[in-house]
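As recorded in TrEMBL:
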type: BINDING; residues: Ile19, Gln20, Gly21, Arg34, Thr99; note: substrate binding site
type: DOMAIN; residues: 25-230; note: domain 'Radical SAM core'
type: BINDING; residues: Cys38, Cys42, Cys45; note: [4Fe-4S] cluster binding site
type: BINDING; residues: Trp44, Cys45, Asp46, Gly101, Ser143, Pro144, Lys145; note: S-adenosyl-L-methionine binding site
type: BINDING; residues: Thr47; note: Mg(2+) binding site
Amino acid sequence: MQEYPLSNSLKINEMFETIQGEGSFTGMPAIFIRLQGCPVGCPWCDTKHTWEINPEREQSVQQVLVKQAPDDSWFSETADGILRLFATQGYLAKHVVITGGEPAMYDLRPLTSVLIDAGYSVQIETSGTFEILVDDKTWVTLSPKVNMQGGYEIVDQALARADEIKHPIAMLKHVEELDALLARPATNPAAQIFLQPISQQKRATDLAVATCIQRNWRLSLQTHKYIGIE
Ligand SMILES: C[S@@+](CC[C@H](N)C(=O)[O-])C[C@H]1O[C@@H](n2cnc3c(N)ncnc32)[C@H](O)[C@@H]1O
Ligand SMILES: Nc1nc2[nH]cc(C(=O)O)c2c(=O)[nH]1
Ligand code: SF4
Ligand SMILES: [Mg+2]
């Protein structure tokens, strides 16, 4: 059985500069770091190639950074090494999004602190199924995953740490699951609440729009998918 958090070097599936497409930072230029590995098993996950950490798929940083299509290859790097890569890649964005895979499988305190000390704002995207280990100034976007096939559950520490809760929905039962999470005493009462339609489905989008109006929640579309950017 794999032990968490992974505390050695970070395993990186891809790193790229784009526009944040989701949630409260939508529209913000950002450097994305996508970490390898996720045991949660959402059936509709749009990054299934990040689930397995296959030691045979470790490649050089150069090979991974030039990949043209998503695959399960990854490279290993330290926090300081990632900061140096930002310079060699010539990235201009001042906001960093750490995603995955499930980034909270890793101890992210070294990476988030190195980036914040270097002047970046830092955000993580997480399912809330692991304790979140990040620098205090990190913005936490929690996209809670309830009853997925990996058998993981939402931890109270993640609900308490969330700056925004961005819930993927396709049916009414997903809204009810969110209501139950919001009713938990641990949940940060100041968290911004977003509904994000699963896979741009029309029915999911209609439900999200109607529910947002009814509850005074915010709508998060995966805007990068509508305009065909990464
Ligand atoms: C791929 S996940 C990686 C980070 C983390 N494992 C998580 O689930 O938050 C990044 C974001 O994409 C969302 N997402 C993944 N697949 C999606 C889909 N098919 N439709 C809508 N949102 C999706 C997740 O809910 C999460 O907010
Ligand atoms: N542009 C863009 N915005 C995003 N916001 C969250 C993403 C993710 O996969 O975590 C994502 C992504 O993959 N691309
Ligand atoms: S938790 Fe995130 S990365 Fe893992 S399967 Fe679900 S959406 Fe995909
Ligand atoms: Mg994505």
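Cβ coordinates are placed from backbone N, Cα and C, and glycine is handled just like the others.
Where TrEMBL records a feature, it is marked here on the structure.
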residue: Gln20; record: substrate binding site; DSSP (3 states): coil
residue: Arg34; record: substrate binding site; DSSP (3 states): strand
residue: Cys42; record: [4Fe-4S] cluster binding site; DSSP (3 states): coil
residue: Thr47; record: Mg(2+) binding site; DSSP (3 states): coil
residue: Ser143; record: S-adenosyl-L-methionine binding site; DSSP (3 states): coil
Exercise for the section: Can you tell me which binding-site residues out of Ile19, Gly21, Gly101, Pro144 are within 10 A of Cys38 ([4Fe-4S] cluster binding site) by Cα, answering none if there aren't any? Expected result: Gly101
Problem - Coarse DSSP state, helix versus strand versus coil, of Thr99 (substrate binding site) - result: strand
Practice task
Sort the binding-site residues Ile19, Cys42, Thr99 by C-alpha distance from Pro144 (S-adenosyl-L-methionine binding site) and give me just the closest.
Solution key: Cys42
Completion exercise
Listed in sequence order, the binding-site residues from Cys45, Thr99, Ser143, Pro144 whose CB sits under 6 Å from ligand 2 are Thr99
Practice task
Can you figure out which of Trp44, Asp46, Lys145 (the binding-site residues) comes closest in space to Thr99 (substrate binding site), comparing Cα atoms?
Solution key: Asp46
Fill in the blank from the handout: Sequence-ordered binding-site residues within 10 Å (Cα) of Lys145 (S-adenosyl-L-methionine binding site), taken from Ile19, Gly21, Cys42, Thr47, are Cys42
Exercise for the section: Can you tell which of Gly21, Gly101, Pro144 has the least company, meaning the fewest other C-beta atoms within 10 angstroms of its C-beta, among these binding-site residues? Expected result: Gly21
